[in-house]
Amino acid sequence: MCFSPILEINMQSESNITVRDDIDDINTNMYQPLSYPLSFQVSLTGFLMLEIVLGLGSNLTVLVLYCMKSNLINSVSNIITMNLHVLDVIICVGCIPLTIVILLLSLESNTALICCFHEACVSFASVSTAINVFAITLDRYDISVKPANRILTMGRAVMLMISIWIFSFFSFLIPFIEVNFFSLQSGNTWENKTLLCVSTNEYYTELGMYYHLLVQIPIFFFTVVVMLITYTKILQALNIRIGTRFSTGQKKKARKKKTISLTTQHEATDMSQSSGGRNVVFGVRTSVSVIIALRRAVKRHRERRERQKRVFRMSLLIISTFLLCWTPISVLNTTILCLGPSDLLVKLRLCFLVMAYGTTIFHPLLYAFTRQKFQKVLKSKMKKRVVSIVEADPLPNNAVIHNSWIDPKRNKKITFEDSEIREKCLVPQVVTD
């Protein structure tokens, strides 16, 4: 605390006059101590700015590509995924900049309103992210386990998203309700209640001040349990055993296919040897057809194994990313509810909040850029962009660019205009005839 010196001069005379010379105006512009160390502020602000740039750029790219292609919006899964990307854009625009403001504020400033808005944004980001991830998990379970009879139709998906935004908005209002922001009484009653902001160790330990934490914690743990159960069911539906690369059933099926193919080959060879010269051609054809069928079966088996590996890998990445980003702050919120807030816990909460905001970068990578349809749309847009740049800036001296995107060899049509080349091509046909 900075106290202004007061110079008191007591003059005793006949009238006992007391003169007080206040020199408050001298120190009004003095340096006020910051609430956090400079290194702490610089490091966290740098990470938050990086999350704003990367998260905003990637999520806007995904939303623009989804809106440009109508066939992507027609899918229920893509609409639910777009809802998550819209949320990430809101977090990058509104929540992360407010966290930067909280980091750079001083102790002596009146931060009650800003702290209240910050807690509201944190509550909104936590609850809405968990609910959106929960909705995407249900959609993937619906696709993998019940592809023929889907529960999430287009109408139900729209109702689900409306309910998600209503609940998220309610979670945003909870910190304001805690401090009686909307009460009709005197407006100064709520200003002294700081919500998890580093102040002068003046924290309210009443349970009514932390209802927003009581909402965030159970929603997070419920989402984690549902994710673990749902992705386990998805892996079981795809015949993937956790901890093993391939199941025994697949190995038995492969062995049966091999034995059947070998017996068919032996039978074909025996039949060809026992038959006369007329059946030689038939035996060769059957052996060739068996070989082709074997190759197709092996190819299908490899594609299925690759798909299983990809699904298993993506499931692990989705679950581990959500746990890595949101588990620390959820555990710390539980600790604050049990022990009460302190300066150390509030500083740790800001660090863990930076980790939680990292989902704005990981969500486009996990839910959009890994989809094959989205990759095709992105490649087509990049091709058109490259072609437009080349057409706008032609190279001098009639230079030719050999690019697989612009001038693929497989699309070239070979034309023979010379009569000599035509005659050379027609010579073998005349000889065989």
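One-based numbering along the chain as shown.
Cβ coordinates are placed from backbone N, Cα and C, and glycine is handled just like the others.
Taken straight from Swiss-Prot:
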TOPO_DOM  1-45  topological domain 'Extracellular'
CARBOHYD  ASN16  N-linked glycosylation site
TRANSMEM  46-66  transmembrane segment
TOPO_DOM  67-85  topological domain 'Cytoplasmic'
TRANSMEM  86-106  transmembrane segment
TOPO_DOM  107-115  topological domain 'Extracellular'
TRANSMEM  116-136  transmembrane segment
TOPO_DOM  137-156  topological domain 'Cytoplasmic'
TRANSMEM  157-177  transmembrane segment
TOPO_DOM  178-208  topological domain 'Extracellular'
CARBOHYD  ASN192  N-linked glycosylation site
TRANSMEM  209-229  transmembrane segment
TOPO_DOM  230-315  topological domain 'Cytoplasmic'
TRANSMEM  316-336  transmembrane segment
TOPO_DOM  337-349  topological domain 'Extracellular'
TRANSMEM  350-370  transmembrane segment
TOPO_DOM  371-433  topological domain 'Cytoplasmic'
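Between the transmembrane segment (350-370) and the transmembrane segment (46-66) there are 3 or more Cβ pairs closer than 8 Å, counting only residues 6 or more apart in sequence, so the two stretches are in contact. Here the transmembrane segment (316-336) touches the transmembrane segment (116-136). Their Cβ atoms form 3 or more pairs under 8 Å, with each pair 6 or more residues apart. Count of Cβ pairs under 8 Å against the transmembrane segment (209-229): among 86-106, 116-136, 157-177, the largest is for 116-136.
Across the topological domain 'Cytoplasmic' (137-156), DSSP classifies residues as 12 helix, 0 strand, 8 coil.
Taking Cβ pairs closer than 8 Å, the topological domain 'Cytoplasmic' (67-85) reaches residues 59, 129, 132-133, 135-136, 139-140, 143, 150, 152-154, 157-158, 160-161, 164, 363-364, 367-368, 373-374, 377, 381 in its own chain, all 6 or more past its ends. With helix defined as DSSP H, G or I and strand as E or B, the topological domain 'Cytoplasmic' (67-85) counts 16 helix, 0 strand, 3 coil.
Proximity of distant same-chain residues to the transmembrane segment (116-136), defined by a Cβ-Cβ separation under 8 Å and at least 6 residues beyond the stretch ends, is recorded for 80-81, 83-84, 87, 91, 94-95, 98-99, 101-102, 160-161, 164-165, 167-169, 171-176, 179, 181, 190, 195-197, 212, 215-216, 219-220, 222-223, 226-227, 322, 326, 329-330, 353, 356-357, 359, 367. Summarised by DSSP class, the composition of the topological domain 'Extracellular' (337-349) is 10 helix, 0 strand, 3 coil.
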